[in-house]
Amino acid sequence: MKYSAGDFDVVVIGAGHAGCEAALASARMGCKTLICTMNLDSIALMACNPNIGGTAKGHLVREIDALGGEMGINIDHTFIQSRMLNTSKGPAVHSLRAQADKKRYSERMKHLLEKEDNVVLRQLEVIEIDVEDNEVKGVLTKNGAYFTTKAIILCTGTYLKGKIIIGDIIYSSGPSGLYPANDLSQSLLDLGINLRRFKTGTPARINKRSVDFSKMIEQPGDEKIVPFSFIHNKLDKDQISCYLTYTSEETHKIIHENIHRSPLYNGSIEGVGPRYCPSIEDKIVRFPDKDKHQIFIEPEGENTEELYVGGMSSSLPEDVQIKMYRSVPGLENAEILRTAYAIEYDCIDPQQLDLTLEFKNINGLYGAGQFNGSSGYEEAAAQGLIAGINAVLKIKEKNPLILKRSDAYIGVLIDDLVTKGTNEPYRMMTSRAEYRLLLRQDNADLRLTELGYKVGLVKEDRYNKFLNRKKNVENEIERLRNMQITGKREINEFLLEKGSTELKKPISLYELIKRPELDYFKVESLDDKRPSLSDDEKEEINIIAKYEGYINKQLEQVEQFKKYEDRLIPKSINYLDIKGLRLEAIQKLEKIKPINIGQASRISGVSPADISVLLIYMERKNREN
């Protein structure tokens with residue numbers, strides 16, 4: 001029996017990492033928000049790896065935080081180990097990664113939603129999206145409750161017609177044994193939304209007491225803990241170690257002998273899996289020259305004996321899994337607590353969305369996270385945040401927030417999904433960003449906090465803290481530029497001691513820092529007027545000084561491409577009217593409906609010649625008007 005259950009500005013379907021950010025953004029920007037989840041105990045669930053961040057993903061978390069999102073703050077409160085990755089490389093690829101207490105991470109996020117003034121949190125299954133005249137009107141739940149709304153954000157994760165696969169055992173399920181959402185897919189199909197099947201998987205969880213750590217390499221956390229959130233200056237924590245081991249010859253033998261029983265190779269799995277996170281059986285088949293693969297043993301929390309076996313995702317039958325895991329050094333007596341599995345689910349072709357993450361053909365309907373064809377908690381949270389922000393901005397009749405590729409990794413992520421599309425679960429990587437030296441994790445606040453403040457997510461106290469940090473960095477760089485160092489005997493002795501050359505003429509301290517063998521920290525003894533600065537401010541100053549030449553080159557590239565990004569394409573344009581455009585280009589441009597020339601130029605199948613034709617047509621139309 002259908003009944004009227006209430007009216008909301010925004011309804012968020014799903015309370016995973018995308019849904020939580022979407023709901024909190026919507027509520028904190030002043031909109032009455034309903035967030036529906038299949039299970040209140042699975043909010044912000046880490047259904048796979050128990051960590052946040054990593055290469056490129058750490059950048060996304062910093063950007064979410066800079067815009068006023070919650071993920072960085074939440075992991076800072078609930079981490080059990082922290083490490084900075086890629087420290088032997090340049091600052092563009094330095095990435096923070098934190099091991100999470102997954103239960104506490106979920107509980108804290110749930111509590112935030114419960115406490116948020118404008119949020120109503122409900123355990124409900126949405127089965128139908130109500131649309132009239134291409135505009136959302138409401139949602140219907142399995143219990144008959146009908147909620148009217150102005151905007152709907154779909155954050156369904158892997159629940160949409162979810163199907164668990166373990167060998168020849170196949171059954172309908174969401175992740176981690178939770179209920180799937182089997183009815184909503186049909187409603188989306190009825191609305192003309194194109195769905196497809198993707199696949200992901202997760203390794204087994206084992207009991208800590210059954211593991212022999214003496215056969216493994218310990219991986220402790222960093223001594224100096226760097227917070228994810230810019231609001232935290234310092235974090236102290238007793239950390240829990242992870243451990244590294246490897247597959248053995250026996251592991252590979254077991255997999256080869258049972259490969260015919262793998263759903264990946266016998267046709268049981270239809271969905272496309274993630275290229276950059278293959279199962280262990282896939283790795284061994286695809287890389288036969290490798291005699292061993294890394295396996296990471298990761299704790300799932302402080303108050304559990306469960307360990308995550310990173311690098312051994314599998315969908316092999318359970319009997320094969322037991323033998324396979326026990327063939328790994330240190331896991332000879334491993335007790336499996338949760339079996340590894342693959343999961344198939346419905347998701348969309350993200351080319352049906354525009355850069356705000358709203359469907360092109362349905363006003364007020366947005367998508368975020370794995371529903372959009374991405375993989376990963378961080379990618380999901382980033383999209384949820386942007387979808388939440390844009391849903392509210394549209395309701396308030398304000399301009400949308402569209403991040404460019406030169407603004408943020410979030411801009412790269414969304415542009416890739418919407419403009420290029422994806423045929424497999426999309427994972428963020430530093431190599432996807434053209435301007436990665438500008439998009440470092442250390443300067444995410446300098447790039448994005450102003451935007452977060454303008455949309456209303458960054459509050460006054462945090463904004464003032466940001467302005468203070470920005471001023472400190474700018475003032476110190478200016479001071480360094482103006483401070484002259486001369487070739488005094490003691491200074492030249494210091495330089496020779498550091499393996500540098502003597503000064504023949506006065507030089508600014510800023511220029512001196514640029515020498516390969518020196519940096520901001522090493523020249524402190526030459527600088528008796530140095531102000532008191534935080535560690536992150538010092539690091540920011542050092543990077544700006546050391547990499548100024550490279551940074552300026554990338555800024556010049558951004559300016560060159562800016563003319564294309566700023567050249568807006570009229571919404572009323574009819575590509576069929578443009579003589580000289582190839583048929584493929586017309587079809588792609590009609591489908592994706594790029595908002596500017598820059599986006600049009602990145603569409604697969606649209607050539608530079610097509611862009612020239614389009615520009616000439618637009619110039620002619622401008623003159624006529």
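Glycine is no exception: its Cβ is also placed from the backbone N, Cα and C atoms.
Pulled from Swiss-Prot:
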{"type": "BINDING", "residues": "G14, A15, G16, H17, A18, G19", "note": "FAD binding site"}
{"type": "BINDING", "residues": "273-287", "note": "NAD(+) binding site"}
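Annotated features, which come from Swiss-Prot, shown on the structure.
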residue: G14; record: FAD binding site; contacts (Cβ under 8 Å, 6+ apart): C36, T37, L154, C155, T156, G157, Y159, G369, F371
residue: A15; record: FAD binding site; contacts (Cβ under 8 Å, 6+ apart): A23, I35, C36, T37, S42, I43, A44, L113, L121, C155
residue: G16; record: FAD binding site; contacts (Cβ under 8 Å, 6+ apart): I43, A44, L45, C155, G157, G369, Q370, Y377, A380
residue: H17; record: FAD binding site; contacts (Cβ under 8 Å, 6+ apart): A44, M71, G369, Y377, E378, A380, A381, G384
residue: G19; record: FAD binding site; contacts (Cβ under 8 Å, 6+ apart): V12, I13, I35, T37, I153, C155, A368, G369, G384
residue: G273; record: NAD(+) binding site; contacts (Cβ under 8 Å, 6+ apart): F198, K199, T200, G201, L264, S279, D282, A342, E424, P425
residue: C277; record: NAD(+) binding site; contacts (Cβ under 8 Å, 6+ apart): T200, S313, S375, P425, R427
residue: V285; record: NAD(+) binding site; contacts (Cβ under 8 Å, 6+ apart): I255, I259, Y265
residue: F287; record: NAD(+) binding site; contacts (Cβ under 8 Å, 6+ apart): H293
Next item on the list: Give the residue from the binding-site residues R275, K283 that has the most other Cβ atoms within 10 Å of its Cβ, counting over every protein chain displayed.
Entry: K283
Check: If you draw a 10 Å sphere around the Cβ of S279 (NAD(+) binding site), how many other Cβ atoms fall inside it, taking every protein chain shown into account?
Finding: 28
Note to self: Within its own chain, what residues at least 6 apart in sequence put their Cβ under 8 Å from the Cβ of A18 (FAD binding site), listed in sequence order?
What the structure shows: C155, G157, A368, G369, Q370, F371, A380, A381, Q383, G384, A387
Item checked: Remaining residues near the recorded FAD site, that is with C-beta within 8 Å of the centroid of the site residues G14, A15, G16, H17, A18, G19 -> V12, C20, E21, A22, T37, I43, A44, C155, G157, A368, G369, A380, G384
Next item on the list: In three-state terms from DSSP, label G19 (FAD binding site) for me.
Entry: helix
Item checked: Neighbouring C-beta atoms (10 Å sphere around the C-beta of E281 (NAD(+) binding site)) -> 26
